[in-house]
Structures are given as C-alpha cells and as structure tokens.
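Take a look at the structure below.
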Amino acid sequence: MPIKYIEDNIREYEGKTCFLRIDLNEEKGEGEKSYRLKTALPTINFLLENKVKILIASHRGRYGKNPLSLKPFQKILEEKLDTPVKFIKEIPKDIKGTEEKVTLLENLRFHKGEEKNDSKFAKKLASLADFYINEAFPVTHRKNASVAKITRFLPSFGGLHLKKEVNNLDKIKESVEPPFTLILGGAKISDKLGVLDNLWEKIDNLALGGGPANTFLEAKGINTGESIKEKEMIKKIKKYVDSEKVNLPDDFKKENGQILDIGKETIKKYSEIIKNSKTIIWNGPMGLFEKEEFSEGTKEIWQAVIGNKESRTVIGGGETASALKLIPKINNYELPENIFLSTGGGAMLAYLANKKLPGIEYLKKHE
Ligand code: ADP
Ligand code: MG
C-alpha cells in the first residue's frame, strides 16, 4: 500500500480538526532557526488555508532525562504563522469545539505512554481530532504513540515535507550514479553501520570523520588516545578497514590528547573526492564543530558539497544540518537544488539502510 499524503486528500477534511505531529526536538536551542520547524510550516499553512483546525504536537528532549517544555515555540509559531497560537499544558478533553485555529500541546514525552506506543494514550490523543498527519520524519523510526499507534484510530496522512523525504530518499536508494561518495562523521559508527552495510557495494568512496574515523583508525591498530570512538564496534567494521574505498583522516586538530577535527590535508583530500562525485550522501559533522576552533573541517566539507552542482546529494542529521550556520552565504537552509537536506538523522539512516520505519509503515496501513 502506498502512503496517503494530505495534499491529495484535503477535500474531505476542510473545516475539520487535525492532529499534526511535527518535530520540535532540538536540544541545542535553535528555536526559530530550527530546520525541522521550517519544514513543517508549509503543511501548517496548507491546513490553515483549508480551514482546518490544528492541534500541533511534538516531543522535545528525552523522557526521564531532560524533557523540555514546548512553551517557547508558542511565540515562535505565532510569528512564523502570523496567527495566534494557544498553548496547553494538559491534554484536553475536547478541542474541536474551541475557537482557536492553532493549538500547541505540551511535550508529548511528559507522558509515559508516548514512548511506550501505548494504545490508551494514543486513543486519547486521537479522540481530539478528525484526522492525523505525520510531518515528523525524524521520529518515524520510533515506535511512539503519536507516530505509530495513533494511526490505528484516525485516518492518517503524510505531510508535505514527509512526501519530499520519502521521494528523495527513495530516488537515491533506487539509482546511484558513480562515483558515489558516502561521508560519515558525528559521534557513533554504531548508528551508521546499517547504511554502510546496505550501500557498501555501490560506494566508490567512504570518507570518514569524527567518532567513525577514530573507530576505523583503532581497527587499523592506530591509537587515538582519549578521542571519541567505539572500541566494541571494531569487530563489526574489520571487513571494511583495508578496502581501497575507505578514506581516513591523515592529519587532525587535537586538544588534550583528543582528536577534535580533521586537519588541512584531510580537508583538501576530502574536498577533491567530493568535487569528483556524482552522488553524495553525508551524515555527521567532521569534528566538534560547536567550538569554533574545531569547526573548520565541517565548514569546509559543507563548502565542498555546496560547490558540487553536478551531483545528486542527500545530507541529513540534526547536528549536520545545524552546522550550516557556519556558512554565512546560506540563509535559512536555502540550498542549491541538487542538494536535499533531510530532517532525519537516525530516521534517514534507517531508511537508507532499508529498515522498516514504524512511522512510515503505519501510514501505509489503511482500513
Ligand atoms: P547528526 O546529528 O548530524 O546525525 P551525530 O549525532 O552523529 O550527527 O553527531 C554529532 C556530534 O558529533 C556533534 O555534536 C559533534 O560535536 C560531535 N563530534 C564530531 N566529531 C567529533 C570529535 N572528533 N570529537 C568529539 N565530538 C565530535
Ligand atoms: Mg545528532
């Protein structure tokens, strides 16, 4: 069954109430500058144009760890939408009868049922609306009540941006023009191994930075000291480390015995590979880019990727996207047309690894 998208089905829902799941989870305080928020706005505006009442819901932070309030997004949404937004802390009994066009519900992860994919909780959420839209691609790999179970109780659709995610990722999965370069950086190789396993045969170059690079270096017997890595993953990557496809950093920026960025020679080497690629997938910053002195690697990789107008390029990851702020000429994530910036990190990786994503699969099951 194909996914049903709201674009093609809005007629039936004019004047009705929508439970709209979006993703406002950005722990590092992007707020109004959040890419995930930006990509949800077209769906919200589309619903408003069609006189739909909207209940917006999201998570932010982790249950039991640091769930954060969504209250700051009330004002941000009001400014972006130019419409009053009501903020509610508790899950109400009814919302269809209210005057408000847009209501923002407090963090779903304040409730235990959300991450448990609890039926009762999902039913309670569903009772508030006439239909459901998923515009939260970054959480589609999570079996959460507002992503998965809720679709049992309401007619369910993908949002405008979710459609772009699925189409762009499907396209790059189906056909890859060589040379194909996969760039992996960020924190953990364990998060990214599924993609590597799935795409390995098609890859011409694997360019590594961050924790994944350190783990590969360790697998080759090179001591990376206190740098981030996952020694327990060495066994799983052994089969790849000696391949000619693998490109590792030759020089680094370090502090207190930790590798915190790739060095100038590596930047040059990786930029050349990127320049000559016809297909690129990138996830994970090259270093601790949040600190200016370790941001150059990530910044230069962004420059190189933006500079290649001839390749089909897919980039994803919360931090990878937020590192775009290092490139002043790119305003509001407006990238060249050949680049698709996915909102997903884990979800993008899972999708590209051919895993079934509950939030996508559930959208396909129609009664
Ligand atoms: P994304 O969110 O884009 O998917 P990850 O979550 O995998 O990326 O990892 C991003 C984080 O990895 C960033 O916060 C960055 O600071 C960190 N990082 C990358 N390289 C290093 C490094 N060498 N040392 C410490 N942290 C690093
Ligand atoms: Mg991340």
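A Cβ is built for glycine as well, from the same backbone N, Cα and C atoms used for every other residue.
Among the candidates Lys173, Lys192, Lys202, Lys220, the residue that TrEMBL names alongside Glu290, Gly317, Gly318, Glu319, Thr320 for the ATP site is Lys192.
Substrate binds Asp23, Leu24, Asn25, His59, Arg60, Gly61, Arg62, Arg109, Arg142 as TrEMBL records it, and from the list Arg11, Arg36 the residue named for this site is Arg36. Fewest Cβ neighbours within 10 Å among the binding-site residues Gly61, Gly317, Gly318: that distinction goes to Gly61. With Arg109 (substrate binding site) as the anchor, the candidate binding-site residues are Arg36, Arg142, Glu290, Gly318, and the one with the nearest CA is Arg142.
Of all the binding-site residues listed here (Asn25, Thr320), it is Asn25 whose C-beta has the fewest other C-beta atoms within 10 angstroms.
Cβ-based crowding with a 10 Å cutoff singles out Asp23 as the top-ranked of the binding-site residues Asp23, Glu290. Neighbour counts were taken as the number of other C-beta atoms within 10 angstroms of each residue's C-beta; across the binding-site residues His59, Arg142, the minimum falls on Arg142.
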